[in-house]
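Notes for the one structure printed next.
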Amino acid sequence: MATERHYSPLDRLLLQADTAMRTLLPFSGQPARPSPAIVQPDVDLDEQQARHIAGLMRINHTGEVCAQALYQGQALTAKLPEVRKAMEHAAEEEVDHLAWCEQRIRQLNSHPSVLNPLFYGMSFGIGALAGLVSDKVSLGFVAATEHQVCKHLDEHLEQLPHEDEKSRAILEQMRIDEEQHAESALEAGGYRFPAPVRFGMSLLAKVMTKSTYRI
């Protein structure tokens with residue numbers, strides 16, 4: 001039977017640095033799951049439509065950068081091994097979302113947000129602090145964050161042009177995955193944050209969405 005490898009604190013820091021670089025640099029590999037957009041038809045979009053869709057996908061890409069950082073920060077400070085594993089598994093699934101969003105952004109002749117390093121650092125710190133408080137709070141933060149992401153995805157799905165089936169397929173699959181992450185976190189014992197905390201999180205999310213839509 002294979003034994004589980006135990007990493008030293010230095011090993012974990014180096015792994016975190018590697019993950020940060022792979023998250024923030026242009027994606028060059030292949031996601032574990034192919035993009036849902038692959039099977040959808042190409043359609044002609046006018047310049048205004050393409051620019052708006054690219055802005056929405058840029059927001060979603062930055063949201064996935066934040067989620068990746070949040071999970072990595074929590075995994076670094078999680079107290080229970082099973083919680084750390086859950087965070088790392090969720091982070092792996094977010095890599096697919098990162099790749100899908102970036103691929104779609106490039107197809108629209110645009111680029112990811114230049115603010116991604118800033119939001120990665122902020123989210124990593126928040127995740128690490130949540131993990132230091134308790135695993136229950138850490139898991140609750142995951143659930144609250146993912147529910148906020150689902151809300152944004154619903155709004156973006158309503159804004160997409162009907163003919164853009166590629167972006168729609170990506171966002172619909174992302175929403176399924178994010179909802180599952182939220183429910184899994186609560187089932188694992190995550191704390192249900194009160195309304196004032198969720199409201200504060202929504203204000204922070206608005207700062208991210210407003211700033212990354214264009215840059």
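Every residue gets a Cβ built from N, Cα and C, even glycine.
Predicted, not measured: the structure shown is a model, and the values here were computed from it.
Around H97 (Fe cation 1 binding site), a 10 Å sphere centred on its CB holds 26 further CB atoms from the protein chains shown. What Swiss-Prot lists as Fe cation 1 binding site is E64, E94, H97, E178.
Annotation for E178 (Fe cation 1 binding site): same-chain Cβ neighbours under 8 Å, separated by at least 6 residues, are E146, V149, C150, L153. According to Swiss-Prot, the feature Fe cation 2 binding site maps to E94, E146, E178, H181, an assignment based on sequence analysis.
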Rounded distance in angstrom between the Cα atoms of H181 (Fe cation 2 binding site) and H97 (Fe cation 1 binding site): 13
Residues that sit under 8 angstroms from E64 (Fe cation 1 binding site) by C-beta distance, when 6+ apart in the chain: E94, H97, L98, C101
Sorted by sequence, non-E64, E94, H97, E178 residues with Cβ within 8 Å of centre, Fe cation 1: G63, A67, Q68, E93, D96, L98, V149, M174, D177
